Amino acid sequence: MSYELLDAILTWLPKVFFGVIFITTVFLYYFSALKEKLLVIISIGFYVFYAAILTISQYYIWSQNKLTQVLLNLSVDFSAIPISGIFKFFCKFVDCQKHGYFLFYTYGRFWMNIFISIAVAFGFYLFLKFLKKYKERFFEEGEIELGFLAALISGWPNFVVFLPIVFVSVVLISIFRRIFWKEFYTTLGWPFILSTLLVLIFGNKLIDIFSLGVLRI
């Protein structure tokens, strides 16, 4: 397989996957048959699978060149560089000294973004549970998990633009429902869906427009 084809597959794979997850979410939510917990588990599973595929692909690419083969067995003095607790825990099960540079590179390049995406989405989920205790009218059954799923689909750093879009969407959809349907309360379900759609389409552009590229990992 050529490097160009491999790069194209790895670039489009998450876009296609989360596009399918989004379409499935909208369809099931519209017909009140949303299996939000299952979709959350599938999404987290894909994140881990995708990071593993990227790691294996990086190993394959470096192994094909004599210059980069050296990097595969290059050790790293971890006492001289800052590493996270997650990476330290990982090193209890893998020989991080023997393949130190490769493991540290792939962790920072692929796995860290996934850990942050999942952690931020879970933090958002906890915030929604807290919010529901005081503003239950904002939620219908399953919409807390829907918010969790929407945050997972958005990922990091797109979550940074997803959040304000949610608030704007709530206002706009509330105005629309009040004018056309005379309904005065709007739950967060459709704002989550609209915000996720906008992030899927324009997320990277918005990150660049607002100079948030520094948040990319």
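Glycine is treated like the rest: Cβ placed from N, Cα and C.
From a predicted model like this one, the values you see are computed outputs, not experimental measurements.
Database features, via TrEMBL:
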TRANSMEM  12-31  transmembrane segment
TRANSMEM  38-62  transmembrane segment
TRANSMEM  110-128  transmembrane segment
TRANSMEM  148-176  transmembrane segment
TRANSMEM  188-207  transmembrane segment
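Contact between the transmembrane segment (188-207) and the transmembrane segment (12-31) holds: at least three of their C-beta pairs are under 8 Å, each pair 6 or more apart in sequence. Long-range neighbours of the transmembrane segment (148-176) within the same chain, counting only residues 6 or more positions beyond its ends whose Cβ lies under 8 Å from a Cβ of the stretch, are 18, 21-22, 25, 36, 39-40, 43-44, 47, 113, 116-118, 120-122, 124-125, 128, 186, 188, 190-196, 198-200, 203-204, 206-207, 210, 212, 215-217. Below 8 angstroms of C-beta separation, residues 44, 47-48, 50-51, 54-55, 58, 84, 86, 139, 143-145, 147-148, 151-152, 155-156, 159, 163, 188, 217 of the same chain, each at least six residues beyond the ends of the transmembrane segment (110-128), sit close to that stretch.
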